[in-house]
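Colleague: Quick one: this structure, given as structure tokens, is what I'll be asking you about.
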Amino acid sequence: MCSLASFLAIEGTNFGTILASKPKSLSSSSMMSSQAHLNCKMHFYPRKRAGVSVAVSVSVSASVEIDGGNSMPVSGLVFQPFEEVKNEAFVAPVAPQVSIARQRFTDECEAAINEQINVEYNNSYVYHAMFAYFDRDNIALKGLAKFFKDSSEEERTHAEMLMEYQNMRGGRVKLHSIMNPPSEFDNAEKGDALYAMELALSLEKLTNEKLLSLHKVADRCNDPQLADFIESKFLDEQVEAIKKISDYVSQLRRVGKGHGVWHFDQSLLLEGEAAV
Ligand SMILES: [Fe+2]
Ligand SMILES: [Fe+2]
């Protein structure tokens, strides 16, 4: 530890020269360094009358460790890019099956993105099943059919955004299996519209949990770029979707199962509400 206060607390000791050189992390989000080292060299000279030691000189130097173990100074030297790029961390791989762009992208983040792609596809599949249900001739709630069709496409867009991001970082998209959704959404107590909308709300809340888990993985792997991608492209949209569907659930609870549902459906159709 490099703490002046901790040394001063021990009065009357003849400290002489104390060298504290334990590595200390400077920044967990540095894009260039895997570890940073802070070296503090302190010289203490005890004062006889006061009985308290006073530091008269402190020198500090910092260095960063680049992938591969080479330690590079971060201050006091002219930046020498053509020397630094010789580090193997910056050399483009030649093996055809290996990504050229990949840098500081962990297997854990790659796997977590593939999991989220699966979640988005599942949502898309369920919403598509709801579209098919409400579009039937004996159901004929065209506003709900349109809303769930748009929502299904929106979820597929989310999956595609994650795929493009995976490729951008040099990961590999792996699609997992998706469960077949129900084809019937009628419910004797709630009616089909409210039942489907409550199911949609549950799905969106679950998706929010999954996104927060993905964000945690990005944090744990020290990947601020992935964390920023999730925050800027997904988290806002997700809480807005939860609010919108919650409103719909409240409205459907008010109108009951009969004529009111037809009015609700017409309002969705006329207003052209955006998908969730
Ligand atoms: Fe989504
Ligand atoms: Fe959604």
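Just so it is clear, glycine is given a Cβ too, placed from its N, Cα and C backbone atoms.
All TrEMBL annotations are machine predictions without curation.
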Colleague: Per TrEMBL, which one of E84, E88, E204, E271 shares the Fe cation site with E120, E155, H158, Q238?
Modeller: E204
Colleague: Same-chain residues six or more away whose CB lies under 8 A from the CB of H158 (Fe cation binding site)?
Modeller: E120, N123, F234
Colleague: Does any of E120, H158, E204 have a Cβ within less than 6 Å of an atom of ligand 2? These are the binding-site residues; tell me which, or none.
Modeller: E204
Colleague: Sequence gap of 6 or more, Cβ distance under 8 Å: name the residues on the same chain that satisfy this around E204 (Fe cation binding site), in order along the sequence.
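Modeller: Within the chain, E204 (Fe cation binding site) has Cβ neighbours under 8 Å at N123, Q238, A241, I242, I245, V276.
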Colleague: Out of E155, E204, Q238, which binding-site residues have CB atoms lying under 6 Å from ligand 1?
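Modeller: So the answer is E155.
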